[in-house]
Amino acid sequence: MDAKIKAYLMQAAYPVETNYSPVQNQIQFPFGYGLHLENYSASSGHYPQVPHEAVPSQLNNQYVADYHSACYSIPVQSVMTPSVGPSMLNTQQSQQLYSGAPHPVESAGGPTQGAISSASHLHTSVPQSYSALSSHYSSLTSSSVASQGFPLSSGHYAMPTVSSAVYPNLSYPSMSIGSPYGQVFTSQSLPAVGQFEETNAFPGQSSTVPRTLPHQVPLGYNSTSWSTSDFQSAQDNFSRNHTGSQAKASSQINTGIVLCMQYGGYVNNQASSAPAPLSSSSDDEEEDEEDEEAETNSATSSPAPTPQTSRAPKPFGYGYPTLQPGYQNTTPSTSAMQPSNPGHHSGFQQYPQQYPGVNQLSSTLGGLSLQHSQQPESLRPVNLTQDRNILPVSPVLAPVPNLNSDLRKLNCSPDSFRCTLTNIPQTQALLNKAKLPLGLLLHPFRDLTQLPVITSSTIVRCRSCRTYINPFVAFIDQRRWKCNLCYRVNDVPEEFMYNPLTRSYGEPHKRPEVQNSTVEFIASSDYMLRPPQPAVYLFVLDVSYNAVEAGYLTIVCQSLLENLDKLPGDSRTRIGFITFDSTVQFYNLQEGLSQPQMLIVSDIDDVFLPTPDSLLVNLHESKELIKDLLNALPNMFTNTRETHSALGPALQAAFKLMSPTGGRISVFQSQLPSLGAGLLHSREDPNQRSSTKVVQHLGPATDFYKKLALDCSGQQTAVDLFLLSSQYSDLASLACMSKYSAGCIYYYPSFHHSHNPAQSEKLQKDLKRYLTRKIGFEAVMRIRCTKGLSIHTFHGNLFVRSTDLLSLANVNPDAGFAVQMSIEESLTDTSLVCFQTALLYTSSKGERRIRVHTLCLPVVTSLADVYAGADVQAAVCLLANMAVDRSVSSSLSDARDALVNAVVDSLSAYISTASNLQQSTLIAPNSLKLFPLYILALLKQKAFRTGTSTRLDDRIYAMCQIKSQPLVHLMKMIHPNLYRIDRLTNEGTIHVNDRVVPQPPLQKLSAEKLTREGAFLMDCGSIFYIWIGKSCDNSFIKDVLGYPNYASVPQKLTQLPELDTVSSERARSFISWLRDSRPLSPVLQVIKDESPAKTDFFQHLVEDRTEAAFSYYEFLLHIQQQICK
């Protein structure tokens, strides 16, 4: 390596170090690593559970085929279509709304370009109801449908004259569905560096379950008649469910929009997810590698694709037996390894049991059926066009599943685990008729005040599907329990008979694992392939002229100094720093030096580590040197004139530095990268920010950052991005470094430490949370579900290894995930279904832990019950994730159309099934009454709005937020909460920690609710707006804001003073209560009526009409018009 290396004396009088020899190819191991496993140092092989075996991987450097992600990919070339506006909305464009889980999985012969189904004939006279969300909710086939628009009158929206409602006779064919486990795991499956295995809780017996890739996933909703050769056999098999006519398969692919979802489905990731072949391994290893603790593949090698295999038929009769309450005794089965036959219960005898288990539900649930009881409130019809006050006065709560009271108490909190339907349809056909999405919203690592932590030598799991024992299993007797997911009968281990809480023996049903739906296990060494990694933090800081002038460096260094002792970790915690402009600067912080040393590498085309052993140092041993560096950094580059940014080379260096251990890279960037690998050019046209037509460049301009992120993920390293920009920085490309490595993204537009104090305050608060919050390293997460259900698409910042295994190099308590599901097989044998997510991670203290959440929901057979259990907020959040994928893979207008069609189809299906409803009115069940309002709010959100000036980076960041935020925070972003706060009273107050908190009612997001005599608080999640009317009472201004009158209130007021008045106490108590409900402390911004900033406030009033979008009432009329066509 002939690179020139220059070392400069730091302005803080740091000594110069010279005479470096080229870095060696083999990176030195940090102390404590490299001695535990001989194969640990290898960088290019997969690692089996057998020590000292490293198998060369089959490399494929074409990441396009081998790496998929749950994030954006470059959209396919397609015919762009007009966006939805007041003058035109297009439902035909989206005939297969989310047809897309992207492409079918690669076969052994190579990648296949997903088969595209095209309608050979589409009737233009009758607009089709939202089959846009057709593959309901993501099929494995991409579809192409001719786009057709329907004209509307321009200008003011005219009330349609409806004399009679015409409802098309729609049919909903059931499509063939594959196995819920779309990956074949064999003894050839391989783990990678830093990845972990699950061992069988019962050694000596193999419990491998073959898992096959589904050939097809149901296309869900189909309101047009169509067929393809790919689905011909499936349609034949299910022809009895298909009442409509089928058009002949078109031999030519339409030139319409190719609807395939490239951001998020496991289907996109299958090529990269298939394990590379291993020469040999034991049966036990085969079973272990199948678990969620079987690690993610090393990104240094691309695994070979696994050929598809047909799914073997499954035995009938796996449902829950109708057991009597309590343990059930019977003659021991001939083989404990075989599933029990639900028909054989005659020999059961009651055994005393105080714990009400799932086996009691069959009889209990019958009395809870919505069909045979009085109509529940959730099914009460609501006339949306007449009832203008549908918004409740208090925040919307998650619906409670229709279970008996005992199971309801044991169920998982909706804050952690939430389903779009709390009543699961028995069949896919019933789900198709309801026209509602089926999926899960997860917040698996959220902060919990009460979490049962279990330290036990025995972690009890099903020997077949590896489900963790949970409150919803059935104890047949004292020695056997039936899995609630696969229905296998398992033995109760002897150790599990003892209850450490009650110190009693013989009552396994009283163990904490069986009494809590959320638990955390301390994992043994059996769950790891290497010693748990230490907490390692690397900060990569932009020090170019733009960055220095913005002044962010002072805030970052000060925040680090204040929170250095609060960084999660133990005595092994390590830290390092890299700065960059047109060169890359490293910092030697080795213990024993009198002051830090700056080491500059100017050859950015071949960047290397000058001293690999001294750049990441022990935090406690080198704390004084670290503090010296943080104090000096803000002033070291004050006079810089370097305007270039070599971000790509700096990230390459960071990857090399972190690869031996893994950890977290925190990148601070202020402009477009302009030098070296990963350089970018401006793609935004400012004149197109208000375009109502095609919005371009929603995908990345280069795959450099995606490839780098996948490499980082393979080495258990996540990249977090802080973008502090005053101009376009191509976030669509830069965000890939975080999306694919399970990192997080922070964005501060127009950041300047003095010109924009609100953003400076937000950065300070975000950093405090970021540096001190809990963190999990080298994590993997698996989602399991009851036999008959199938997971087919994931959303979030993650890497999908297989059909249900997610690789998360880092996991943080602020990250949310979403999954789409389908019903593979009829659920006739069971009265309830369960979902379980298991998150295996290394804590900052070096403990290997498993956090398990289990959710139980009833199965229903009637369409009314499905609607009664709809969770409208969960459905909207899932649709928002799907729409982001659609925007990138197809077009923004197509995604907008699909969202509108989601409302049209679901309400149309409901109205058509309710015989007692007046067909010409817009009626919704009470459970879905907020659906049109939330969808309209989503259409006006920055991610999807058109016709309103929106910077491209702002739009991309909003999309990133949708893909990674937990439901509770995402809903505030979509539909903020508005309160009037100038008349707070003690009526309805609540008491929290000796503090009286007022509870003002929610207001409609409309200017008609604002009065110039009032003051209003809008909670948008990450920011609070307080809008003050011109004629606001001076007593409020004086008692709460601390100013004598309205005119004296400054334009940029960002905090409320602590005044000794009743009004001040009430206002601050209410705002503090809202702040305490979220991890990130929102910024407060006071806006006067004539302030230029009021635009930010008024754009959230989603019920009002704008030049480019409907008002809420106009939107309802449009929905009604589409239903009546």
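Just so you know, glycine gets a Cβ as well, placed from its N, Cα and C.
Automated prediction, rather than curation, is the source of TrEMBL annotations.
Since we're looking at a predicted model, the values are computed, not measured.
What TrEMBL records for 271-281 (among others) is compositional bias 'Low complexity'.
Taken from TrEMBL, the feature compositional bias 'Acidic residues' applies to 282-295.
What TrEMBL lists as compositional bias 'Low complexity' is 296-313 (among others).
Look at TrEMBL and you will find 325-351 tagged as compositional bias 'Polar residues'.
The feature domain 'Zinc finger Sec23/Sec24-type' is assigned by TrEMBL to 459-495. Mean per-residue pLDDT, taken over the domain 'Zinc finger Sec23/Sec24-type' (459-495), amounts to 94.
Per TrEMBL, domain 'Sec23/Sec24 trunk' is recorded for 532-771.
According to TrEMBL, the domain 'Sec23/Sec24 beta-sandwich' annotation covers 776-860.
The domain 'Sec23/Sec24 helical' annotation in TrEMBL covers 871-971. Within the domain 'Sec23/Sec24 helical' (871-971), the DSSP-based counts of helix, strand and coil residues read 70 helix, 3 strand, 28 coil.
Taken from TrEMBL, the feature domain 'Gelsolin-like' applies to 998-1071.
The feature region 'Disordered' is assigned by TrEMBL to 95-121 (among others).
TrEMBL lists 224-250 (among others) with the feature region 'Disordered'.
Per TrEMBL, the feature region 'Disordered' maps to 271-351 (among others).
Across the domain 'Sec23/Sec24 beta-sandwich' (776-860), DSSP classifies residues as 0 helix, 58 strand, 27 coil. Counting residue by residue with DSSP, the domain 'Gelsolin-like' (998-1071) contains 24 helix, 14 strand, 36 coil.
With helix defined as DSSP H, G or I and strand as E or B, the domain 'Zinc finger Sec23/Sec24-type' (459-495) counts 2 helix, 13 strand, 22 coil.
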